[in-house]
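Feature list (source: TrEMBL):
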| type | residues | note |
| --- | --- | --- |
| SIGNAL | 1-24 | signal peptide |
| DOMAIN | 25-322 | domain 'Plant heme peroxidase family profile' |
| DISULFID | 35-115 | disulfide bond |
| SITE | 62 | site 'Transition state stabilizer' |
| ACT_SITE | 66 | active site, proton acceptor |
| BINDING | 67, 70, 72, 74, 76, 88 | Ca(2+) 1 binding site |
| DISULFID | 68-73 | disulfide bond |
| DISULFID | 122-318 | disulfide bond |
| BINDING | 164 | substrate binding site |
| BINDING | 194 | heme b binding site |
| BINDING | 195, 240, 242, 247 | Ca(2+) 2 binding site |
| DISULFID | 201-227 | disulfide bond |
């Protein structure tokens, strides 16, 4: 009987290793020999883009999030529509909202030059650009695991179904993250990515005018000026008080009823009533721990269903699949 248990334990471990083999093939030094100048080039160009427009850092982080939540971190979000494929760019969560495509194009061209060829995948560039954006705006660095390959197709329907929306209640958020193998803790810490960036009036108007019971009155009054009851859908407001700095102001804002988005305020119900309240309070008071856990969660996010080995391809141009 003992030998059977040992056999079953060994088989279970083997199956688990097989199931996670894609992530296991990723490594932080994947390009150390094939293109040692790749990562410094990405870092330099990300820094230059943020220097021109500090908001771009948040956009590059969001680009990585939205890529990974749709069939894994495979660069599919970068593909332009074709006659045979409607991709992710025009999906509701992305259309006229997700930015940074031109920056990725610039980085890809430069990396192809310094690598003397098409070596670094678009999916890896997006992952590294997100990390470098966080560091450029004051966050802590973390090792990005590399070796992803690029998808050869994209799906608007999958993007519409898989990307969490700013209108979701907590149970829907938890279900969405769970479907991607991400936990309640991952939800809270990755939502801290909203320490950076802005949102359009279209996405917070309903909260502004219908959720006065959880919205700080002074904060609501300041939003009224930028987001009327109708019109000005594209008007921007910051997700926290320091939208170009990585800090814990986001979590402090949740505790003060100053969350811009409905989905963000769902993470803090007040008085310890919600399952996530304690985590919000913990990160608000422990910025060093937030930076540490955020880096670990970003690595976990970046490991979602990567294409490796012979899967997919390394695109020459991030917007189109390679021509045979």
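Placed from the backbone N, Cα and C atoms, the Cβ positions cover glycine too.
A TrEMBL annotation is a machine prediction, not a hand-curated record.
Remember, it's a predicted structure, so these values are computed and weren't measured experimentally.
Among the recorded positions 88, 115, 122, 164, the residue whose Cα lies closest in space to that of residue 242 (Ca(2+) 2 binding site) is 164. A distance of 22 Å separates the Cα atom of residue 76 (Ca(2+) 1 binding site) from that of residue 115 (disulfide bond). Here the CA atom of residue 115 (disulfide bond) lies 24 Å from the CA atom of residue 67 (Ca(2+) 1 binding site). The recorded positions listed here (35, 122, 194, 195, 201, 240) include no residue with a Cα within 10 A of the Cα of residue 66 (active site, proton acceptor). Taking a C-beta cut-off of under 8 Å and a sequence gap of six or more, residue 195 (Ca(2+) 2 binding site) has these contacts in its own chain: 239, 240, 242, 245, 246, 247, 248, 249, 250. Closest to residue 201 (disulfide bond) in space, going by CA atoms and restricting to the recorded positions 70, 73, 318, is 70. In sequence order, the recorded positions near residue 164 (substrate binding site) (Cα within 10 Å of its Cα) amount to none of 62, 73, 115. The binding-site residues listed here (74, 88, 194) include 74 as those with a Cα within 10 A of the Cα of residue 122 (disulfide bond).
Less than 8 angstroms from the CB of residue 115 (disulfide bond) sit 31, 34, 35, 37, 38, each of them six or more residues away in the same chain. Taking the Cα atom of each, residue 318 (disulfide bond) and residue 74 (Ca(2+) 1 binding site) are about 11 angstrom apart. In sequence order, 66, 68, 69, 71, 73, 75, 77, 151, 154, 158, 159 are the residues of the same chain, not among 67, 70, 72, 74, 76, 88, whose CB sits within 8 A of the CB centroid for the Ca(2+) 1 site. Around the Cβ of residue 240 (Ca(2+) 2 binding site), the number of neighbouring Cβ atoms within 10 Å comes to 24.
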